[in-house]
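Copied over from TrEMBL:
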BINDING   B:Thr68, B:Pro69, B:Ala70, B:Gly71, B:Glu72, B:Gly73, B:Lys74, B:Thr75  ATP binding site
Protein chains: 2
Amino acid sequence: MTVVKSDIEIARHAAKKPVVEIGAKIGIPPEHLAPYGYDKAKLSAEFIRSKRGDRNGKLILVTAVSPTPAGEGKTTTTVGLGDGLNRVGKKAIVCIREASLGPCFGTKGGAAGGGYAQVIPMEDINLHFTGDFHAITAAHNLLAAMIDNHVYWGNELNLDTRRITWRRVMDMNDRALRDIATSLGGVANGFPRESGFDITVASEVMAILCLATDLADLEQRLGEIIIGYRFNKTPVYARDLQADKAMAVLLKDAMQPNLVQTLENNPAFVHGGPFANIAHGCNSVVATTTALKLADYVVTEAGFGADLGAEKFFDIKCRKAGLKPAAAVIVATVRAMKMHGGIAREDLGRENISAVKAGCANLGRHMENVRQFGVPVVVAINHFTADTQGEIDALKAFVAAHGAEAVLCRHWAEGSAGIEELAHKVVALAESGSGQFSPLYEDELPLFDKIETIVKRIYRGAEADADSSVRDQLRQWEDAGYGNLPVCMAKTQYSFSTNPHLRGAPVNHVVHVREVRLAAGAGFVVAICGEIMTMPGLPKSPSAERIHLNEDGLIEGLF
Amino acid sequence: MTVVKSDIEIARHAAKKPVVEIGAKIGIPPEHLAPYGYDKAKLSAEFIRSKRGDRNGKLILVTAVSPTPAGEGKTTTTVGLGDGLNRVGKKAIVCIREASLGPCFGTKGGAAGGGYAQVIPMEDINLHFTGDFHAITAAHNLLAAMIDNHVYWGNELNLDTRRITWRRVMDMNDRALRDIATSLGGVANGFPRESGFDITVASEVMAILCLATDLADLEQRLGEIIIGYRFNKTPVYARDLQADKAMAVLLKDAMQPNLVQTLENNPAFVHGGPFANIAHGCNSVVATTTALKLADYVVTEAGFGADLGAEKFFDIKCRKAGLKPAAAVIVATVRAMKMHGGIAREDLGRENISAVKAGCANLGRHMENVRQFGVPVVVAINHFTADTQGEIDALKAFVAAHGAEAVLCRHWAEGSAGIEELAHKVVALAESGSGQFSPLYEDELPLFDKIETIVKRIYRGAEADADSSVRDQLRQWEDAGYGNLPVCMAKTQYSFSTNPHLRGAPVNHVVHVREVRLAAGAGFVVAICGEIMTMPGLPKSPSAERIHLNEDGLIEGLF
């Protein structure tokens, strides 16, 4: 059962079907699918509207233990479970995020799954795809250009140029753009000031697109973006610059979910991809809510581990979109458990049952956390060839002792055949009706109390800590009417604490909130705990040096 | 015959056909058209290759008098003539440039023709279209990121960071980005240096894409881009950074011509759009050469007036691609003639025959110039409702006295029915075999002599003038093997001289070459005469403030 083919080789040899046939499987007429080539299509707004009254299928969240360098395979499991559910006779749609182009030229592998659990065409999905991210980049930067243009022509709004918070974005790993001085070179180029670029996925426009329910809601939210402050400290909105409507024009097509297929020709919506630290890290609400109208089961994922990804999925996306997840799958691997149990990466090849047992503390806490939201869990052990039976048994025993089941999954090597058991368990769990979803905190809770609730109940820290300036800022936003927003925690994904090296299940740590930001258009308050990088750099030998077209014009070196 | 509908209203009410039907008209099988929606498609590389041995149709260039604020309607006439040729029984394809998104949010109108001579879908063509410009932006900026990344990780190539000539690009009018300081903020962000952004159409990658014959040629040319110089003054190429192949991957789809249709359902290739000053200002070679294999007639246009656009079309595009234009149409308007005759814009409404006669000097010189290339000319008078019969007659008489014909064209108001006469004249001229195209100068002429040849024979200046540093630079490039390249003049489009206010047909002016740049990948030397803006700004009240989606989700305010 040795799989030697690379992801791209497997993807290239897939028996791909025309995307209209994939759409037909879930009742989408061809006239409501705008094709992008023969294997990608955008779903029409009209069709989406026509389905509003229909009943919903069941929503399954795939989340994971705290990530380790060993890799957990969350997207791979999401895609595999979608195929598995179809295999056991359920109509299922996979909903995942789009990939950011820039990081593909650094070190990142593909974001379309792996092995025999992938969405295709994976080269397109990882590069330009249907142009959504380019549209977001353009909309974001149009607003930026209009801000400096407003100042240039007299600054009627009385913007304090030192307090312009709206930066520019680019879908590229380019550290040289993190901090820049703009409008140099003389009078014709405007008033010099400091600014910078973030990567496109960190744009508030991305978060807005992923939370908006339709084009009208999108436009409304774009108008509510705060781009900076006047000399009197009052906020200036995108609407004040009359930028919101033109931005919506640029995002018109990007708002429509993209339909593609898995290697097994099952439908997948790949749409939106906000950062999982300063944003909520989930695919679009439009894609998820539409998929729920078309299928018995919708399998989706959230970024990072369950402490960050699942918490935001529940407290931001589900809260805002009125979603009720029926069950959650927590992906764990024997390797990750060993790392959480204190084993170094280079020693992962050796059996170590006691390390697995020790590392399970991390998994156990994520299980408890997800259950706090009233969502029943099942654990997927994403199988790696070096895993030993003793290690697998230890992991299963731990989960069983904590009142759930862990299922060994071989979808990476075998596709849906390797994940049938998990599919059956998920169906049983979802149909048991044991799910009673509710968010972790009420809308009415003060902002700092929301942060503290997450710190104590999810991260199991002793307390949330912040300077008085941060607390004052939160109170000001409460006074301005933003107190009912959920909070979006920006914290290292590698630990429950703010120390990325503290694996396992640390307790009693203090979580320091360094800075808070208001994403008024997206509708959340970002709490930044530790250093968060919003513009990556390239490594010394970036993969761009190896990415090329082969003699047949096919892309090589991307993964 | 009063036309009250706006361009966008006309376009919206067009009886659009599926793009596969348009392709079928010119023998493109549906499997070789990758659809982007139902009204746009990209032609496969395989199909293009399969046509290589076929015989060519006739190539017609549409060019114009020196542009004035009155507007000439070159694209409108190009599209109208394409429809006109189809109307008179010829199989004709229109080949025009793609529009830049950024300027649409400033003041620019659409770039898809006007009235009843348009290509559609015009909203798409003017905004994201099939993503080609976004791909060019990404490829350009990947190279930029790799340059700073190389310096960051030790600068093995010994790049002099003061002499990095490769800037970044964005498809946006954003004057704040013209001159910036990058890599501020400390060690982690690299070595601070001065740089800036140009608009995407000014990227050498755009020029390369438009001159490359296929993907292999594209990759070769990308490798030859000079990104800057070492401390020892030797050039550093994109190839030295191993960026060329990944850039080609990003441009794979962008290299394929886009098929759309005119309002009359005739085929149009809309592909590429380099700046007409620092680059050659023509649609892609791939689109033009492919169209010639599929049609009796291919109608294409060049940027600005004939002194800049046609000269570059002949001396750069036709020279490099081996094209032999059969005839040229020079677009003139009564209004433009009056402005060249000294009349102010606000006085254009009054009949002024003597001003028309005086302004015809501009037209006459363009006619002579085009004939110098061995290309026969016909003049298209693009009709405006306020034109009087006396003015039209004066224009016609001038052209007749100079051995050619001027034909009144009403395609803007009437579509192909209004341009039948021009279509017949063009056919007669092209089939007369009187065209004996050759470029203005030989490849072997020294670079400065090439500049001087253009200045004297096309601009009718007394001489070309340059500081010794510029002349030395040109000699260095000759020594380095670049002496055989054509020159690309960057000069104001409003006058034969370098003074934009000098309308008509000035003589004996001196053309000062301020700066020269080597576009080694594109394959030309740019001679910059006067101030050339490569990053536009937005006006005080940009059209972005008015662009919006109406209640039906349709775009308003774009034009």
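Just so it is clear, glycine is given a Cβ too, placed from its N, Cα and C backbone atoms.
Structural mapping of features recorded in TrEMBL.
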residue: B:Thr68; record: ATP binding site; Cβ contacts under 8 Å, 6 or more apart: B:Arg335, B:Ala336, B:Met339, B:His340, B:Tyr494, B:Arg503
residue: B:Pro69; record: ATP binding site; Cβ contacts under 8 Å, 6 or more apart: B:Met339, B:Arg345
residue: B:Ala70; record: ATP binding site; Cβ contacts under 8 Å, 6 or more apart: B:Thr333, B:Arg335, B:Ala336, B:Lys338, B:Met339, B:Arg345, B:Leu348
residue: B:Gly71; record: ATP binding site; Cβ contacts under 8 Å, 6 or more apart: B:Thr333, B:Arg335, B:Ala336
residue: B:Glu72; record: ATP binding site; Cβ contacts under 8 Å, 6 or more apart: B:Ala64, B:Val65, B:Val331, B:Ala332, B:Thr333, B:Ala336, B:Asn382
residue: B:Gly73; record: ATP binding site; Cβ contacts under 8 Å, 6 or more apart: B:Gly114, B:Val331, B:Thr333, B:Asn382, B:Trp412
residue: B:Lys74; record: ATP binding site; Cβ contacts under 8 Å, 6 or more apart: B:Val62, B:Thr63, B:Ala64, B:Glu301, B:Val331
residue: B:Thr75; record: ATP binding site; Cβ contacts under 8 Å, 6 or more apart: B:Ile96, B:Ala111, B:Ala112, B:Gly113, B:Gly114, B:Glu301
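Secondary structure from DSSP puts B:Ala70 (ATP binding site) in coil.
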